[in-house]
Every structure is written in structure tokens, then in C-alpha cells.
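Student: I'd like to ask you about the structure that follows.
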Amino acid sequence: MTWFTVAVVLVVAAAGLLRWRRPAWYWMTFGVTLTTLRVLVRYTSVMEACGLTVPPSRWRLALVRATNRPVPESRPPRILRLRPTRTGLVLRLKLRPGQDAFDVAAASDRLRHSFSMYGVTSRELRSGVVEVRMTGYDVLKRVQMPARLDTRPMRVPVALREDGSVHYRDYRVIPHALTLGATESGKSVYQRNLVAGLAPMDVALIGIDCKQGVELFPLARRFSALADNPETAAELLDALVTRMEGVYQLIRAEQRITADVPDSEIAADIWALPDDLRPIPIVVLVDEVAELALSTKKNDPRRDRIIRALVRLAQLGRAAGIYLEVCGQRFGSELGDGITMLRAQLTGRTAHRVNDETSAKMAFGDISPDAVLAAIQIPAELRGVAIAGDSTGGWHRIRAPHTSLRQAVNICNRHADRTPDLPELAPFRPALPGAPAAPVPLSKTAPATA
Ligand SMILES: Nc1ncnc2c1ncn2[C@@H]1O[C@H](COP(=O)(O)OP(=O)(O)O)[C@@H](O)[C@H]1O
Ligand SMILES: [Mg+2]
């Protein structure tokens, strides 16, 4: 008996220690079983207390009256599926007549503490079916990306969402994006994660880092072109526009629309071209964009040239496989002409902690007022936490894993042989102390590896 007591005390102590120090491990050892049991046992009473039940239908009442049986209780939504995950539980519920997805969303805070979970979110899957995602602990406190990630070309798993799912930066769905945030809020770490995620893919990376190149130049071995001052940036962007025009010529030449070409094979962007002809896609990363757009002079021709090139790339780049990833502290009309036009083209929006509402509005003002509020509420000590949204109005709290510059440098060096040589951008190729990477012709794509 004493041995049994000692064993129980040890297990409880171990569980307590894990829960305190390593919530992710606690969840996977004890939490998931205990919570599943708790949810199943308390389900009906919690749903009733949260106002998510409906009274029995008329025909049931008529039936019990006819057969003289006790009046049936109110019924909660039916559980279609309960799936434990690495970070929590996912419940799929079939709503009863008269309920809607908004009822569940409105009750999510009540559900959260009734089931003793850390977070509860819900979304409608299809008419009458709602998915409730619950997390067992604060997954953003110490971000651990799952080992198994869905890798597709041009889709980078860049951060973890609050509900435990992975946040992807999918360039083919959202070609251009804007990342805002106060200084020291985690923009550069986010961008570094993107570079680390893109490094193993078949893509050319181009960097414009006017903060003297401190963020991107250490990663130079994986970059096909880099600029660290506005003068070089202007020339680099012009060269990119020239390349984009060249790619359009190539697409035109390949279209050859005749009556017997099926509709699905008419090329309108680089992804419709055959593999051996497809130009390599390009991601242009711009850190501290205000350095490009600010100018001491009024009507500075260089500044206007830069903004014009960026606007053209944002408007036409997608089909030519040129994607923009712009980072800055603020990005509003005070930076001058053309900025709001450029911003309207940057579909993906991410806001790290901001110091004022106007900055948050620059990211989400034209998209979702809730997201503006959420961005202002990010606490200063949680660096790297951000709100990610897109122009559909949906948004999530995300946090990228803390990739150090050293880790990113190692990843970039490991994949340095994938760095393509773009002839148009050859003058901007960063000078490297080591051996140059093998040149890859414009249209050749290297064999894909995950
Ligand atoms: N996702 C993150 N997780 C943990 N710490 C982070 C994260 N992002 C940023 N930090 C911390 O914040 C510091 C500043 O981040 P940085 O990206 O350089 O900010 P910014 O570029 O916005 O000025 C980093 O040195 C790091 O210590
Ligand atoms: Mg920075």
C-alpha cells in the first residue's frame, strides 16, 4: 500500500512539474487523456450552462405525452468527431435546428474555462457543422513547429497560430505581403524564418536591406542579389522590372493560342509553362522599407523611381513569378506619393506589436477593425507575436519560432548550391569570400527535393 502511495505521489509530482516547466510534454503525456475524458464527461452539462442546448422538438414532446414518459431534456450539438492533436483537441459539432455558428463563437470564452482549456476558437466548416479547436496550453509562449509539415512549392510554414495550427506563407495564393511592427517587435526574425523556409526551395532570393545590410547580408550565400543602400536598390529594382518584362515575353511566346490548344494549357503565368521552360520564381525581401521611401529632398527622382518600380512589380509581378515581401515600421501616406497604392497591392498583412493605432490601421484599417484592436493589444514582452490577416478579413494571432541569425546562416549555407545566377541581376550578386555557387540558367529548374 505504501509503495502504491509513493508511486501515485511521484506520478502526480512529475505531472505537476511537467505542466509547469514543459506544458507541451505535459499535454502529450497526461493532458490529452485527462482532457478528453473531462470533455466527454462534462459535455452535456457545460453545453447547457453555456446556453448551447435546444429544447426538445414538438414531435418528441408529442410522442412522450402520448406514451406518458418523462419529458426529454434539452439537447446539445451532436459531437461528430473528437480528435486529439499535438496541442489540444478538435471537436466537430453538428448544430441543432435553431443554432448558428455565431452562438458557438460567442460562447467560446465560456467553453474555455468550463473545459479548463487555454484557448477555444471555432469556425463553420459547412452549413450546420462547426469545428471547435481547443488548445491545452499557451502554444505561442515557446513556439515548436510540428515535425511533419505540409511542403508544397512556394508555401513556407513560417509560424504557429494561436489555435496550434501552422501558419503558411503561400506565395501562389498571396503573392505580396506587408509586415509592420514597432522596432524590436520581431519583424526581422519573421523575415529570417521566411528566408530559412525558402532556402531549400527552387526559388531565387533577392534582398534589399537599407539598414546597412545587417539582417540579410549574413545570409548572402543563398541570395542572388542584394542591395544595402537606396542607390543600389533603385538599380536593382529597375533590373528586376526588366527581367519581369523578359518573362512576359517568354510567356507570350509560349502561348501560341490556336484552336486545338486546350484552355487549361494556355499559359498566363509561369506556373502554366512546361517545367523545362519555367523561369525560376523570385522572392524580393525588403527590410525597413521607409529607408527607400523617405527622402530629404522633395520630388527626389531616385525615391520616385524606387516606388514606381515597386508598384510595377506589385501590380504585374505575380504572373512572372516575382513576389514582394515588404517589412517596415510604418507604411502610410506620410511616406509620400504612391505608398498607399503600393500598400493596396500587398494582399498579405502581418502586424507585430505597434505603438499606436494609426500603425495598426496601416496594416488592417482597410481589412478588419477587430484585427486592428488585436494588433494594439500585443504585449511588449511577447516579441514575435503578430496578427496575420489577408484581404478576406480573416486573421490569426501567430508567432514565428525564434530562429537565431546563426541558425539561418547555417541553413542558407547548406543550400547555397541552390542559389541561381540571374543574368539580369549579375551586377548585384553579393561578393562572397568562399567558392561561388554553381550557375543555373534562367529557365532551368533544379530537381525538386522536400
Ligand atoms: N518569434 C520570436 N520569438 C522569440 N523572440 C523573438 C521573436 N521575434 C523576435 N524576438 C526577439 O526580439 C528581438 C528583436 O527582433 P527583431 O526581429 O530584430 O525586431 P525588429 O526587426 O522588428 O526590430 C530579437 O532579437 C529576439 O530576441
Ligand atoms: Mg529589423
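All residue numbers here begin at 1 and follow the chain in the order shown.
Here the Cβ of each residue, glycine as well, is placed from N, Cα and C on the backbone.
No curator has checked TrEMBL annotations; they are predicted automatically.
Under the heading domain 'FtsK', TrEMBL lists 163-361. Annotation source TrEMBL lists ATP binding site at Gly181, Ala182, Thr183, Glu184, Ser185, Gly186, Lys187, Ser188. Residues annotated as region 'Disordered' in TrEMBL: 422-450. Sequence annotations record features per position, and here TrEMBL assigns compositional bias 'Low complexity' to 425-442.
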Student: Could you pull the average pLDDT for the domain 'FtsK' (163-361)?
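Tutor: Averaged over the domain 'FtsK' (163-361), per-residue pLDDT gives 89.
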Student: What binding-site residues among Ala182, Thr183, Glu184, Gly186, Lys187, Ser188 have a C-beta sitting less than 6 Å from any atom of ligand 2?
Tutor: Lys187, Ser188
Student: Of these binding-site residues, Thr183, Ser185, Ser188, which scores lowest on Cβ atoms within 10 Å?
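Tutor: Across Thr183, Ser185, Ser188, these binding-site residues, the one with fewest Cβ atoms within 10 Å is Thr183.
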Student: I need the neighbours of the ATP site defined by Gly181, Ala182, Thr183, Glu184, Ser185, Gly186, Lys187, Ser188. Which other residues of that chain put their C-beta within 8 angstroms of the C-beta centroid, in sequence order?
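Tutor: Sorted by sequence, the hits are Gln329, His352, Arg353, Arg383.
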Student: Could you check the binding-site residues Gly181, Gly186 and say which one's CB has the fewest neighbouring CB atoms inside 10 Å?
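Tutor: Lowest Cβ count within 10 Å among the binding-site residues (Gly181, Gly186) is Gly186.
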Student: What's the number of neighbouring CB atoms sitting within 10 A of the CB on Lys187 (ATP binding site)?
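Tutor: Lys187 (ATP binding site) is surrounded by 25 other Cβ atoms within 10 Å.
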Student: Got a sec? Which of Gly181, Ala182, Glu184, Gly186, Lys187, Ser188, the binding-site residues, have CB under 6 Å of any ligand 1 atom?
Tutor: Gly181, Glu184, Gly186, Lys187, Ser188
Student: Using Cβ-Cβ distances, find the residues under 8 Å from Ala182 (ATP binding site) that belong to the same chain and are at least 6 apart in sequence, listing them in sequence order.
Tutor: Gln329, His352, Arg353, Val354, Asn355, Ser359
Student: So, three-state DSSP: helix, strand or coil for Thr183 (ATP binding site)?
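Tutor: Thr183 (ATP binding site) sits in coil per DSSP, no helix or strand.
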Student: Tell me the coarse DSSP state (helix, strand, coil) of Ser188 (ATP binding site).
Tutor: helix
Student: Can you give me the same-chain residues 6 or more apart in sequence from Glu184 (ATP binding site) with a CB-CB distance under 8 Å?
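Tutor: For Glu184 (ATP binding site), the qualifying residues are Arg383.
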